[in-house]
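Asks: A single structure is presented below for examination.
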Amino acid sequence: MGCCYSSENEDSDQDREERKLLLDPSSPPTKALNGAEPNYHSLPSARTDEQALLSSILAKTASNIIDVSAADSQGMEQHEYMDRARQYSTRLAVLSSSLTHWKKLPPLPSLTSQPHQVLASEPVPFSDLQQVSRIAAYAYSALSQIRVDAKEELVVQFGIP
């Protein structure tokens, strides 16, 4: 099941504060990942276009995130649960009734209703078997002689270093 919560409509104070902390680049981190104090003198003071782009991507991502674990779960009452169960079962019944023709088909195609007569009949003449073998050999030969000639390169380089 999915979540129908939209962050654009309702924001709690805690959500706004979390977003503000995520989006506020002026608050420096307290510690580096390795536990050492960060060196602020080595950071460049001017933001580049790339950093501005990354910040805007981060802002868009943070505004579009839906925290499913923080969303209040809407519990269903017993009658709502039973109504949904009935609704789903009627939908399944409608869908399964349209697929009943698949259940009626035999697992293997039936060429005859009396296979014992086919098995007891005369075998296929040897000349017919030879003719089918020759036709299959000609078809195999024709297929094996199919060639694709390259007229131009498949991959073209665009002079990118």
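The backbone N, Cα and C atoms fix where each Cβ goes, glycine too.
Taken from Swiss-Prot, the feature ubiquitin cross-link applies to Lys20, Lys31, Lys60, Lys103, Lys104, supported by similarity to another entry. The N-myristoyl glycine feature in Swiss-Prot is assigned to Gly2; the stated evidence is similarity to another entry. What Swiss-Prot lists as S-palmitoyl cysteine is Cys3, Cys4. Sequence annotations record features per position, and here Swiss-Prot assigns phosphoserine to Ser27, Ser42, Ser56, Ser98, Ser141. As annotated by Swiss-Prot, region 'Disordered' applies to 1-43. What Swiss-Prot records for 121-161 is region 'Interaction with LAMTOR2 and LAMTOR3'.
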Asks: Just the number: how many Å between the Cα atoms of Ser56 (phosphoserine) and Ser98 (phosphoserine)?
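Replies: Rounded to the nearest whole number, the Cα-Cα distance is 50 Å.
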Asks: Count the Cβ atoms, other than its own, that fall within 10 Å of the Cβ of Ser98 (phosphoserine), considering every protein chain shown.
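Replies: Result for Ser98 (phosphoserine): 8 other Cβ atoms within 10 Å.
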Asks: Same-chain residues six or more away whose CB lies under 8 A from the CB of Ser141 (phosphoserine)?
Replies: none
Asks: Let me know the model's mean pLDDT on the region 'Interaction with LAMTOR2 and LAMTOR3' (121-161).
Replies: 88
Asks: Report, as a single number, how many Cβ atoms besides its own are within 10 Å of the Cβ of Ser56 (phosphoserine).
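Replies: So the Cβ neighbour count for Ser56 (phosphoserine) comes to 10.
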Asks: Ten-angstrom check, please: count other Cβ atoms within 10 Å of the Cβ of Lys60 (ubiquitin cross-link), all chains counted.
Replies: 10
Asks: What does the structure give for the C-alpha distance between Lys60 (ubiquitin cross-link) and Ser98 (phosphoserine)? Integer Å is fine.
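Replies: One finds 45 Å between the Cα atoms of these residues.
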